[in-house]
Amino acid sequence: MMQEQQPQSTEKRGWLSLRLWSVAGISIALLSACFIVSCVVTYHFTYGETGKRLSELHSYHSSLTCFSEGTKVPAWGCCPASWKSFGSSCYFISSEEKVWSKSEQNCVEMGAHLVVFNTEAEQNFIVQQLNESFSYFLGLSDPQGNNNWQWIDKTPYEKNVRFWHLGEPNHSAEQCASIVFWKPTGWGWNDVICETRRNSICEMNKIYL
């Protein structure tokens, strides 16, 4: 009897082993499928919202630098390589001297616009990146020359966010704003003729992932 039961026991163990491997294989397949679905959902969630902008920026910038922003959601803020990061914006300091309109065009071609200062902290950060020997165009102008200053992105021109040098603006023919370092007061805004050639500062919103 013992000799007859041994093959059955071996066959039973083989069948159990086969079943276990089958269950394991199915489990792995299901997990893989879930992973793939998760990746697809994540891909569409991430790139569905930012894909259009990333696609547009790809023609201007070859790479992005991303920074962890702690517990914020989304947690990664990205700027084009060599741009400066502050708050929710990226900044590029251009050393090419151009007239105001060409400076703005240069920013637009990089997916940005001339800088708009919303806070003193923002300006304080930017001036640390500037060369005191040069002045830089801002995204602020007075197209009609009637002291009706306007930001390039339509941000309201607030009285509490104005950093003009003492006595500025002072001439209706000077319809564009620049930031310049004057001793002993330091950095401040000055109205200048738009057709003069100056350096400039570009600003764009960060890309969040």
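Keep in mind that glycine also has a Cβ here, set from the backbone N, Cα and C atoms.
Annotation source Swiss-Prot lists topological domain 'Cytoplasmic' at 1-20.
Summarising the annotation, Swiss-Prot assigns transmembrane segment to 21-41.
Look at Swiss-Prot and you will find 42-209 tagged as topological domain 'Extracellular', backed by sequence analysis.
For Cys78 (disulfide bond), the count of additional Cβ atoms within 10 Å of its Cβ stands at 21 [all protein chains shown]. Cys78 (disulfide bond) carries a strand DSSP state (E or B). As annotated by Swiss-Prot, disulfide bond applies to Cys66-Cys78 (among others), with the evidence given as experimental evidence.
Sequence-distant neighbours of Cys90 (disulfide bond) (same chain, 6+ residues apart, CB-CB distance under 8 A): Cys79, Pro80, Trp83, Lys84, Ala112, Glu203, Met204, Asn205, Lys206. Annotation source Swiss-Prot lists disulfide bond at Cys79-Cys90 (among others), citing experimental evidence.
Taken from Swiss-Prot, the feature domain 'C-type lectin' applies to 86-203.
Neighbour count (other Cβ atoms within 10 Å of the Cβ, all protein chains): 23 for Cys107 (disulfide bond). Cys107 (disulfide bond) carries a helical DSSP state (H, G or I). According to Swiss-Prot, the disulfide bond annotation covers Cys107-Cys202 (among others).
For the recorded site, Asn118 (Ca(2+) 1 binding site), the DSSP three-state label reads coil. The Ca(2+) 1 binding site annotation in Swiss-Prot covers Val116, Asn118, Glu122, Glu203.
Per Swiss-Prot, the feature N-linked glycosylation site maps to Asn131 (among others). Asn131 (N-linked glycosylation site) falls outside any helix or strand according to DSSP and counts as coil. Of all the Cβ atoms in the protein chains shown, 11 others lie within 10 Å of the Cβ of Asn131 (N-linked glycosylation site).
Over all protein chains present, the Cβ of Asn190 (Ca(2+) 2 binding site) has 19 other Cβ atoms lying within 10 Å. Per Swiss-Prot, Ca(2+) 2 binding site is recorded for Glu168, Asn170, Glu174, Asn190, Asp191.
Under the DSSP three-state reduction, Asp191 (Ca(2+) 2 binding site) is assigned to strand. For Asp191 (Ca(2+) 2 binding site), the count of additional Cβ atoms within 10 Å of its Cβ stands at 24 [all protein chains shown]. Per Swiss-Prot, alpha-D-mannopyranose binding site is recorded for Glu168, Pro169, Asn170, Glu174, Trp182, Asn190, Asp191, Arg198, and the stated evidence type is experimental evidence.
In this view, Asn170 (Ca(2+) 2 binding site) is surrounded by 11 other Cβ atoms within 10 Å of its Cβ, with every protein chain counted. Summarising the annotation, Swiss-Prot assigns N-linked glycosylation site to Asn170 (among others).
Sequence annotations record features per position, and here Swiss-Prot assigns disulfide bond to Cys176-Cys194 (among others). Taking a C-beta cut-off of under 8 Å and a sequence gap of six or more, Cys194 (disulfide bond) has these contacts in its own chain: Val99, Trp100, Ser101, Ser141, Gln175, Cys176.
Neighbour density for Glu168 (Ca(2+) 2 binding site): within 10 A of its CB lie 18 other CB atoms from the protein chains shown. For the pair Pro169 (alpha-D-mannopyranose binding site) and Asn190 (Ca(2+) 2 binding site), the C-alpha distance works out to 6 angstrom. When pLDDT is averaged over the topological domain 'Cytoplasmic' (1-20), the result is 48.
Taking a C-beta cut-off of under 8 Å and a sequence gap of six or more, Val116 (Ca(2+) 1 binding site) has these contacts in its own chain: Leu138, Gly139, Leu140, Trp151, Ile152, Asp153, Thr155, Glu203. Apart from Val116, Asn118, Glu122, Glu203, the Ca(2+) 1 site neighbourhood in this chain, defined by C-beta within 8 angstroms of the site C-beta centre, holds Ser89, Val115, Phe117, Thr119, Thr155.
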